[in-house]
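Comments concern the structure below.
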Amino acid sequence: MALGLAVLGVVLLALGLFWPRALAWGGAALLAAGGLEAYGKGPLLTPAQPALLLSGLLALRAETLLLRPRLAPLRRYLLLLALLLALFALEALPHPGAALPWGLALLHAGSFLVAYLALAVGVGAGVLCALQDLRLRRAPWEALKAPPLWSLRRLERGYLRVGYLAVTFGLASGMAWAWDFFGTPLSPDPKEVSVLLGWLLLTLYLLLEERLRGRPRAFLLLLAYGLLLFAFLGAPFLGSRHPSRLGF
């Protein structure tokens with residue numbers, strides 16, 4: 001039960017990047033998971049408990065800053081820290097030892113199919129948006145030949161959000177699958193590491209979206225997408241043993 005609440009909390013925190021009200025539900029789920037873990041094992045006797053409690057409290061504190069736009073950078077920082085602590089808690093929680101349903105394969109593969117399709121459009125639009133922004137500031141006359149900035153941003157935001165949520169579901173299902181196979185949700189398998197790093201960079205990009213400009217914006221976006229593509233195209237050649245046996 002604690003594991004399910006922790007996974008739900010991570011998904012809700014990721015959703016909180018686009019729907020801020022999900023932060024309160026995510027924080028509550030993480031606190032409930034920490035409470036159940038403490039009830040079953042004893043208070044603060046496992047490393048997962050403080051991580052769950054801290055991540056839940058940080059998420060709730062971030063939610064209280066929604067009405068204070070000037071503190072948006074602090075809210076993003078608290079959200080990122082809560083996500084990292086929640087991922088650590090997933091690593092520290094005990095392995096249930098039960099077989100996972102085959103429906104997980106459909107969720108895993110389907111999530112990443114949606115993610116790759118959405119990110120292909122979102123990343124392309126995002127890179128063009130970053131380059132167009134650079135032209136507008138350095139050589140405005142050249143920007144007249146490129147697509148309008150507002151149109152590129154609309155494409156980028158819509159597709160990146162869909163892609164990010166799909167990657168989140170794909171990563172969560174992949175971690176659950178690896179948990180049953182390796183005995184841990186976070187293993188040094190090249191496929192899992194590249195997806196996790198790509199997801200973290202996408203999270204960082206979305207948190208800093210309003211502050212990134214020009215080449216750094218395009219570089220961060222391409223690096224995140226490159227890591228996700230590496231999990232599909234490169235990791236199998238490095239001896240990936242992830243139990244999915246898929247290119248995702």
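Yeah, the Cβs are placed from backbone N, Cα and C, and that goes for glycine too.
Automated prediction, rather than curation, is the source of TrEMBL annotations.
Copied over from TrEMBL, here are the features:
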- 80-239: domain 'Cytochrome c assembly protein' (DOMAIN)
- 48-67: transmembrane segment (TRANSMEM)
- 74-93: transmembrane segment (TRANSMEM)
- 105-131: transmembrane segment (TRANSMEM)
- 159-179: transmembrane segment (TRANSMEM)
- 191-208: transmembrane segment (TRANSMEM)
- 220-239: transmembrane segment (TRANSMEM)
(request) For the transmembrane segment (48-67), find every same-chain residue at least 6 residues outside the stretch whose CB is under 8 Å from a CB in it, and list them. (result) 2, 6, 9, 13, 16, 20-21, 23-24, 26-31, 33-34, 37-38, 41, 74-75, 78-79, 81-83, 85-86, 88-89, 92-93
(message) Give the nonlocal contacts of the transmembrane segment (105-131) in its own chain as ranges (CB under 8 Å, at least six residues past its ends).
(response) 146-147, 149, 152-153, 155-156, 158-160, 162-164, 166-167, 169-170, 173-174, 177, 212-215, 217-218, 221-222, 225, 228-229, 232, 244, 246, 248
(message) Can you give me the average pLDDT across the domain 'Cytochrome c assembly protein' (80-239), rounded to a whole number?
(response) 78
